[in-house]
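Annotated features, as they stand in Swiss-Prot:
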- 278-329: domain 'SOCS box' (DOMAIN)
- 69-98: repeat 'ANK 1' (REPEAT)
- 102-131: repeat 'ANK 2' (REPEAT)
- 135-164: repeat 'ANK 3' (REPEAT)
- 167-196: repeat 'ANK 4' (REPEAT)
- 200-229: repeat 'ANK 5' (REPEAT)
- 232-261: repeat 'ANK 6' (REPEAT)
Amino acid sequence: MSMVEENRPFAQQLSNVYFTILSLFCFKLFVKISLAILSHFYIVKGNRKEAARIAAEFYGVTQGRGSWADRSPLHEAASQGRLLALRTLLSQGYNVNAVTIDHVTPLHEACLGDHVACARTLLQAGANVNAITIDGVTPLFNACSQGSTSCTELLLEYGAKPQLESCLPSPTHEAASKGHHECLEILISWGVDVDQDIPHLGTPLYVACMSQQFHCVRKLLYAGADVQKGKYWDTPLHAAAQQSCTEIVNLLLEFGADINAKNTDLLRPVDVATSNSLVERLLLQHEATPSSLCQLCRLCIRNYIGRPRLHLIPQLQLPTLLQNFLQYR
C-alpha cells in the first residue's frame with residue numbers, strides 16, 4: 001500500500017492536501033455561521049443566558065477579557081445599525097474592542113455604516129476611539145470616507161486623533177478625495193494640519209485637485225492651505241491642469257498659485273494641460289496678464305497674518321467689506 005502511495009503523481013498528492021485544508025475551512029465556517037445564527041436567535045427571543053453561554057464557549061468572551069473573532073455578532077450588529085441587539089450583546093459581556101483577523105473593531109463597522117447611535121453606545125462602553133486595522137485605518141477614517149459628519153464630530157469629541165503617523169491613511173485626505181467638504185470643515189475646526197504631506201499621496205489640496213473636488217479645494221484654501229504644496233514637485237495647479245478642471249485652476253490662480261512652477265520633469269502647469277484646451281488657454285492668458293494690485297496685497301496680508309491666525313480676521317478693526325475681501329467672501 002505504501003508503494004502505491006509513493007507511486008502516485010506529486011500533483012495528485014498535493015491536490016489531496018489542498019482539498020483536505022479546504023474541507024476543514026468550510027466545516028469551520030459552517031460551524032461559525034450556525035452558532036452565530038443560533039446566538040442571534042436567542043438574543044431575539046430574549047434568552048440572554050443561553051446567548052451568553054454560546055458567546056463564552058465559542059468566542060471566548062468574558063467580562064474584562066479580550067477576544068479574537070473573525071466576525072463576532074457585535075461586529076454584525078454595529079455594521080447593520082441594530083442598536084438594541086448591540087446593547088444586548090454588550091450587556092452579555094461581549095468585548096467592545098473585539099477584533100477580526102484584520103483588526104477591525106465594531107466601532108470601525110459602526111462608523112463605516114454611518115450608525116452614530118451605535119458608535120456612541122460603543123464609545124460609552126469603552127471602545128478604543130483610535131483603534132487601527134492592519135491597513136492603518138481608524139474609525140475616524142471610515143467616518144470621513146462615508147461622509148458621516150455626525151460620526152466624525154462624535155469621534156473627535158471622544159478624543160480621536162485626526163493625524164497619526166505620516167504614512168497611515170489620513171481622514172483629511174480621504175474626505176478631500178471623496179468630496180466630503182462638511183467632514184473636512186469639521187476636521188479643520190479641530191485643528192487638523194491642512195498641509196499634511198503623505199509621501200505617496202501628497203497634500204490634501206493636491207488630492208482634492210486630482211479628484212476634481214472643487215468644494216474641498218475651496219475649503220482647504222480658505223483654511224490657509226499652501227497653494228504651492230502638492231506631491232513632490234507637482235503642485236496642485238499641475239494636478240488641476242492635468243485634470244482639465246477650469247474651475248479649480250481659476251480658484252488656485254486666485255489664491256496665488258505659481259504658474260511657472262516646474263515639476264520633476266521640468267514641466268509647468270501649462271505644459272501638462274491638454275493641448276488646445278480651455279485650461280491651456282486660461283493659463284496662457286493668465287501668464288500674459290499680471291495680477292492686480294488688490295490681489296497681490298490680499299495675498300501679502302494673508303501670508304503675513306499666517307495660517308493659524310486667519311480665523312481671527314473678523315476680529316480685526318477693519319471695515320466689513322475689507323474683512324470679507326481678505327477672506328475671499
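We count from 1, first residue shown onward.
A Cβ is built for glycine as well, from the same backbone N, Cα and C atoms used for every other residue.
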Residues of the same chain, at least six outside the repeat 'ANK 5' (200-229), with any C-beta under 8 angstroms of its C-beta? 170, 172-173, 175-181, 184-185, 188, 194, 235-237, 239-240, 242-243, 245, 247-248, 251-252, 255-258, 261, 302, 306-308, 310, 327-328
Six or more residues out from either end of the repeat 'ANK 3' (135-164), which same-chain residues have a Cβ under 8 Å from its Cβ atoms? 102, 105, 107-108, 110-116, 119-120, 123, 129, 170-172, 174-175, 178, 180, 182-184, 186-187, 190-193, 196
